[in-house]
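Chemist: What TrEMBL records for A:9-27, A:47-66, A:87-105, A:111-135 is transmembrane segment.
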Amino acid sequence: MKTSTLKPVMGYVAGLIFGLGLGISGMTDPARVLGFLDVAGAWDPTLMFVLGGAVVTNFIGYRLVLRRPSPLYGEAFQLPTRRDLDGRLIGGAALFGIGWGLSGYCPGPAVASIAGLTLPLAALLVAMVAGWFLARAVPTSA
Amino acid sequence: MDLSATLHGLVGGVLIGLSATWLMATLGRIAGISGIIGTLITARPKGDSAWRLTFVLGLISGPIVLMLSGGGLGNVAGGAVDVTGQVIGEPAGGVMLMLVAGLLVGVGTGLGSGCTSGHGVCGLARLSPRSLVATLTFLAAAMITVYVVRHIIGGGA
């Protein structure tokens with residue numbers, strides 16, 4: 001098969017495994033996510049095991065994969081190279097954290113939950129897309 | 001501690017890590033949800049959109065597969081009785097709250113170049129200092145937000 005056909009197939013498989021992981025881990029349930037973020041309440045450590053399991057697995061995976069000269073169906077590995085810290089990064093992360101804490105949704109679980117779409121979730125998704133457009137309008141020097 | 005939830009969290013987490021490794025091995029890309037979908041919607045890059053679209057379709061079909069499999073792994077993870085409610089939990093608030101939260105999530109992940117997956121799952125695995133700072137920042141901001149909402153405004157419920 002041609003690479004142009006295989007690329008979307010590889011993308012689908014990656015998305016499917018990611019979606020299965022989110023569902024199995026319980027991360028598509030905002031109550032469980034908020035339970036982790038509520039350190040002063042009845043703390044639910046699940047998210048720590050999800051993130052830990054994902055990071056350790058991917059750390060090993062990246063070490064094996066990035067030894068190769070290039071990806072199987074792409075010209076080169078596209079890795080971020082910046083190492084500096086700026087206001088955009090930290091301010092953006094802080095704003096995201098507030099939205100995450102208010103809703104219990106980060107982008108992955110929000111999109112993965114579309115099959116169980118409710119009016120509040122639809123509102124969150126529409127506003128999130130609007131936010132992405134807004135962020136693009138902010139000059140990079142800000 | 002809920003042992004079942006912990007095990008499901010670990011299994012799900014390993015799958016998420018495998019997905020990220022898979023995307024790097026095949027397409028050479030970071031599995032950052034806000035980046036993949038945000039770029040697809042706001043920029044629609046020529047020749048670089050098809051895999052983003054199929055990734056989103058895959059992401060959505062994951063929980064559907066779990067729902068259809070009935071009584072399977074996904075159902076236990078949520079801890080609820082109702083099948084749909086287990087895999088895909090109810091939103092924690094109404095439309096107005098979700099509009100505000102969604103806007104913050106969109107603007108924040110757009111400005112900060114990533115979310116829990118891009119900075120958390122992928123950035124930490126690359127030992128990126130920017131991702132470490134971003135992850136600690138959004139975790140702290142989210143924990144403070146929940147504290148204010150539940151224990152200061154909500155009176156400790």
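Backbone N, Cα and C define each Cβ position, glycine as well.
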Chemist: So if I exclude everything within five residues of the ends of the transmembrane segment (A:87-105), which remaining residues of that chain have a CB under 8 angstroms from its CBs? That is, six or more out.
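Modeler: Those are 30-34, 37, 113, 121, 124, 135, 138, 140, 142, in sequence order.
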Chemist: Grab the same-chain neighbours of the transmembrane segment (A:47-66) for me: Cβ-Cβ under 8 Å, and only residues 6 or more beyond its ends, written as numbers and ranges.
Modeler: 21, 25-27, 32-33, 36-37, 77
